[in-house]
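Asks: Taken from TrEMBL, the feature compositional bias 'Basic and acidic residues' applies to 321-331. Annotation comment: TrEMBL describes 297-331 as region 'Disordered'. Taken from TrEMBL, the feature transmembrane segment covers 27-45, 65-87, 120-139, 160-178, 184-208, 220-241, 247-266.
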Amino acid sequence: MGVVQICKGEYFWLEPKNAFENFQEPNIGLIALAFLQGSFAYGGWNFLNYVTEELVDPYKNLPRAIFISIPLVTFVYVFANVAYVTAMSPQELLASNAVAVTFGEKLLGVMAWIMPISVALSTFGGVNGSLFTSSRLFFAGAREGHLPSVLAMIHVKRCTPIPALLFTCISTLLMLVTSDMYTLINYVGFINYLFYGVTIAGQIVLRWKKPDIPRPIKINLLFPIIYLLFWAFLLIFSLLSEPVVCGTGLAIMLTGVPVYFLGVYWQHKPKCFNNFIELLTLVSQKMCVVVYPEVEGGSGTEELNEDTEEQRQPIYQPTACKDKDSEQPQP
């Protein structure tokens, strides 16, 4: 539709003298927020890293997936926006709550219903990817002993982390207490980029302090350094532009500190606490039909390895027998 519009001469807002016209005073804080909100659409590159355990040959397929998907998504998004401005002015773009739907109403006539259906299908695709990957964060955290051990369990037949998926659902519903989507994107985007930057800075530190450890996927240090510079610009000016929103995001993140001290750092918990966690684990096992994953190379009845047991100790210290049979839900 965009190509048809351009061929018809509808490219007024694509001409440089019009495309770069300022409609409000330039503000570096607003530019940072624009990057923060716009980058939300490209967040899939990071989610791929959460499921490396489930990829076939991840050392080849993970970089390949990122190298293919990011240029493809960028191409589609840029040309979709080129199409939008052939039918809508920048003011109309900003005023619309659903730009693709408004675009369809202007050009498709009686077939305008195609656009909201397409947007809904795209949304389902995005949610599917987020559910598939985000739940693995809780799964891995529980496996490391940073969350209740029930979140590290998988379904006995489907091998999916059902408790982690349910926990993801509950945390998602809590996020929906705000009806302002842009505020929610600012919350999530600010926290995400804070962690992205810390993670990448950690990679640079490890490259310096431990240069000889195995690195199956290795890139030039120039790329993370460029990213960190962009990251600093994004977070600093976003914080200056929207201190309340970004401050709230930081406060949400810091709620994890007392949870860490109560659940992980505090090792000698009272018996009543351990009994409650044990009861919660057993009930969750029966309701979700889940067990701990079988140790790789095991026969299904051997004991969990010592590392797994030690990782689980901070959250849950069972006193009963620790063999695999005792961990399965009772019939």
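All positions are counted from 1 along the displayed chain.
Yeah, the Cβs are placed from backbone N, Cα and C, and that goes for glycine too.
Note: TrEMBL annotation is automatic and uncurated.
Model, not experiment: these values are computed from the prediction.
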Asks: With the transmembrane segment (220-241) as the reference, find which of 27-45, 184-208, 247-266 contributes the most Cβ pairs under 8 Å.
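Replies: Between the stretches 27-45, 184-208, 247-266, 184-208 has the largest tally.
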Asks: Sequence-remote contacts (6 or more beyond its ends) of the transmembrane segment (184-208), Cβ cut-off under 8 Å?
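Replies: Beyond its ends, the transmembrane segment (184-208) has Cβ neighbours at 33, 36-37, 39-40, 43, 46, 175-176, 178, 221, 224-225, 227-228, 231-232, 234-235, 238-239, 242, 245-246, 248-250, 252-253.
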Asks: For the transmembrane segment (27-45), what are the same-chain contacts with Cβ under 8 Å, counting residues 6+ beyond its ends?
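Replies: Beyond its ends, the transmembrane segment (27-45) has Cβ neighbours at 66, 69-70, 73-74, 77, 129, 182, 185-186, 188-190, 192-193, 233-234, 236-238, 240-242.
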